[in-house]
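J.: My questions will all concern the structure given below.
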Amino acid sequence: MAEPILEVRDLVKHYPLTQGILFKKQVGAVKAVDGISFTLHKGETLGIVGESGCGKSTLAKVLMNLERATAGQVLYKGEDISRLSGAALKAVRRNIQMVFQDPYTSLNPRMTVGDIIGEPFEIHPEVAPKGDRRKAVQDLLDVVGLNPEYINRYPHQFSGGQRQRIGIARGLALKPEVIICDEPVSALDVSVQAQVINLLEKLQQDFELSYMFIAHDLSIVRHISDRVGVMYLGKMVEIGTDLEIYDHATHPYTQALLSAVPVPDPSDREKRERIILSGDIPSPANPPSGCRFRTRCWKAQERCSTELPLLAVPELLAGGAKHESACHFAAERETAAAA
Amino acid sequence: MPERNEDIPDHNDPLRNIQPTDSDHLDYVGQQGLAVEQETLIEPDPVKREQARSLWGDAWRDLRKRPTFIISALLILLLIVIAIWPGLFTNADPRAANLTQDYLRKPDYTDFFGAGWFGYDGQGRSIYARVLYGARASITVGICVTLAVTVLGGLAGMVSGYFGGWTDSVISRIIDIFFGIPLLLGALVLLNAFSVRTVWSVVIALAFLGWTQLARVMRGSVITVKQSDYVVAGRALGAGTGRLMFRHILPNAVAPVIVVATIALGGYITAEATLSFLGIGLQDPTISWGVDISSAQKVIRQAPFALFFPAAALSVTVLAFIMLGDAVRDALDPKLR
């Protein structure tokens, strides 16, 4: 496997809940991200899935240093970047860029496309000399499949898919090594989603990019990812290659999540077994003790409420699963594999 | 303009180079209805193609069609010309007084643009000339106070809204304190501190007391814009505070401030006249509508016209600015219609 480019170790992000007007006192914390570790290798795509509110976007923000991590480390090529500020942080930003979810709000409506894509060069003048910038911007437009003559247009003159291409061009401008995609296609039409995904795949090949791809659409994540991590309530519950996760899931939450993927073939649909989880996702301000999923898990036993399951290759499955799963009773589901 | 998605295949075009890396996966995605279709590019109307449409461009197009805007803009233009070159409209000297001949002489309505057109005041001076020359003080006060409060209040609101936290708390409390001072009472105290009161002392007093309104509008606007994705994107690129503030936030947050400032301009002109009327604003020999209204008030029973003309000029000016502000607000924020 390729060298690791981004290593996340026990990353924690808590948002304090305070009480009082003048003298604020902390009464608790929303545990948006609560101890997550994973590694992103060079040239690979790591998909992160999970339902709304599980901390996917917070994870992206912390990795981008848009939010300060409460604890833990983010190592970029072995250097901890989670505590950087000033010039050092600015230098790291050249290598890690982001593509945003909503192409309608992530482009400044008062700037032309040329100004939006050219802005990275103004912030980091060493990347492109002043005279070459217009050319560089036009090249980027060409790379993402837009007409270079659109350089003087405003964002509202483009469709959603085109706007997302502009957002991708802006992310590419600094020639980063890692691009964090925070639900880059969930605001787009289904037909346009495929184009943007294909563009991202092409760019990955051309520029040797590593992607962290956050989404809640399981099909898209499976399509684009080499490895997939499943998050629940601020924790990573299972991580492995796409095949391991999609066909050999061992964590009950992953199995429930996968059983919710729509099956287009009506005859297949009748055969499969849906796992319906009861109850709501608990509040991240007051998560359950032990395993966070136990309140909705059909396998839950006494042990789950007292002992926190660690993300590790399950010992129970001798010779079976090889990927990490955070469950005391990790096991593949017999019927799940049939589909 | 060549349309790259519709012309002959281009091997550089990623849209035409879709190569599935894994056929199994592509199939899976295909099942979900993700079949690749060409995205139809929105091609704007060919005639308007190269017109860059921005908020200001739209607002300007909208404004040009509004009668209220045209009328008020023409009026304001005329007032500004009068304020700069009052001599263009009259030969009479606004300070020439002939008490024996012209004391409260009635207007001669046939004497168009003549010294006696609007009659003479209690000092025997031409009211027509004084109305023209008085425009300068009112317009100067109005425009200068508005500029000063926009810059001051805008800056305070920007800093307060952008940085938040204790900076915001301190600035907001200062704004609250200034809000608690009644304008006239505050101006009365301030202007009494000046030994000689000129247009500029009135400007300073009104700006000092008036910036809070703009600061509040700016603060709210900045807080809204600060949270938008493009500001986060700017931060992710490594943009500094100055760039974020002036390239990303200010252009998107300034519209409501401009609207409030335009409407407030009329209010500042009224405030100057009120202060002059009360005897704490401008004084003779400065020519101002407020001063003239104040002196005409003593002879109102014999010569109502001496009060009417400066008061009418003041009302028309204030009305013109408020109408302009309304038109600008409607154009910038179509939701308010």
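The backbone N, Cα and C atoms fix where each Cβ goes, and this holds for glycine too.
So TrEMBL lists these for the protein:
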type: COMPBIAS; residues: B:1-14; note: compositional bias 'Basic and acidic residues'
type: DOMAIN; residues: B:135-325; note: domain 'ABC transmembrane type-1'
type: REGION; residues: B:1-22; note: region 'Disordered'
type: TRANSMEM; residues: B:69-89; note: transmembrane segment
type: TRANSMEM; residues: B:139-163; note: transmembrane segment
type: TRANSMEM; residues: B:175-194; note: transmembrane segment
type: TRANSMEM; residues: B:249-269; note: transmembrane segment
type: TRANSMEM; residues: B:305-328; note: transmembrane segment
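I'd like to know what surrounds each of these features in this structure.
T.: Long-range Cβ contacts of the transmembrane segment (B:69-89) within its own chain (Cβ-Cβ under 8 Å, at least 6 residues beyond either end) map to 63, 113, 129, 132-133, 135-136, 138-140, 316-317, 319-321, 323-324, 327-328, 331.
Sequence-distant contacts of the transmembrane segment (B:175-194) (same chain, at least 6 residues past either end, Cβ-Cβ under 8 Å): 156, 160, 201-202, 204-206, 208-212, 215-216, 271, 274-275, 278, 280-281.
Beyond the transmembrane segment (B:305-328), the same-chain residues lying 6 or more positions past its ends with a Cβ under 8 Å from any Cβ of the stretch are 59, 63, 66, 68-69, 71-73, 75-76, 79, 104, 106-107, 118-122, 127-128, 130-131, 134-135, 138-139, 142, 258-260, 262-267, 269-270, 273, 289-290, 292-293, 295-297, 299.
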